[in-house]
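Have a look at the structure below before the remarks.
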Ligand SMILES: [Cu+2]
């Protein structure tokens, strides 16, 4: 019964680098392959309109998403170097859904939708026409993707299921700079970093949760970037069921929480005497973007 592998399935299995080649095309639709080289931004069709603000939709995004299946009110955050993949036709308690239904990304992020094959015919259509995967398709392995080059809020639906709550949104926010290039570079692929540096200057103590939600699981420091004054003690507290983590400075910095710890009672603390920028990661999860920064000034 399962249809033969589509080109999209092949590309998906060969890794992320292959994805950029097929920007803006549906792999198993009649439009065929774009086959373009480069990052494909030139070939995304239709061309986005001047502003991405949804017209004639006075309803706020939150209100509109109120009945979005599978949405708990928290957009999934992605860092500038990540390539989000959204499942089309996830079976949730609410009904058929996009998963994750709402994402927050930086401009120029390549977002991919992958058909699960559940729920029959599906498509991915922005209400304001910014992107449109074309006619519906029920084949698992169908893919569509779009590079978002304009800041805005993009509401979309799967047309056959829009009245049943199969809706989603892509929030494209200005790529924030923290004002600290070293921090921005270090956290470029950290999904829960949006340029915000949490200011705790003047506090004697600041807390960072280890194993917070982010980076595709409980692989985040919260907050990922922290600003403190000299002599502040930072306490890293392992979240409940956070899994195994270990804090280690980038290069030969001063942070090292010792052996990998799983216990939710684990804490590690360090008092920063000197001003500077301290970059660190979780040793087992650095590759997933589980990184943090402390600015002492
Ligand atoms: Cu970790």
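Glycine is no exception: its Cβ is also placed from the backbone N, Cα and C atoms.
Per TrEMBL, the feature region 'Disordered' maps to 26-77.
The compositional bias 'Low complexity' annotation in TrEMBL covers 27-59.
Per TrEMBL, the feature domain 'Blue (type 1) copper' maps to 91-172 (among others).
Sequence annotations record features per position, and here TrEMBL assigns domain 'Blue (type 1) copper' to 212-297 (among others).
Taken from TrEMBL, the feature Cu cation binding site applies to 245, 282, 285, 290. Taking the Cβ of residue 285 (Cu cation binding site) as reference, residues of its chain lying under 8 Å away and at least six apart in sequence are, in sequence order, 215, 219, 245.
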Requested in this report: Please work out the number of neighbouring Cβ atoms within 10 Å of the Cβ of residue 290 (Cu cation binding site), leaving out its own Cβ.
Outcome: 29
Query raised in the report: What is the three-state DSSP composition of the domain 'Blue (type 1) copper' (91-172), stated as helix, strand and coil residue counts?
Result: 6 helix, 39 strand, 37 coil
Query raised in the report: Excluding 245, 282, 285, 290 themselves, which residues in that chain have a Cβ inside 8 Å of the centre of the Cβ atoms defining the Cu cation site?
Result: 210, 211, 219, 221, 246, 247, 281, 283, 284, 286, 288
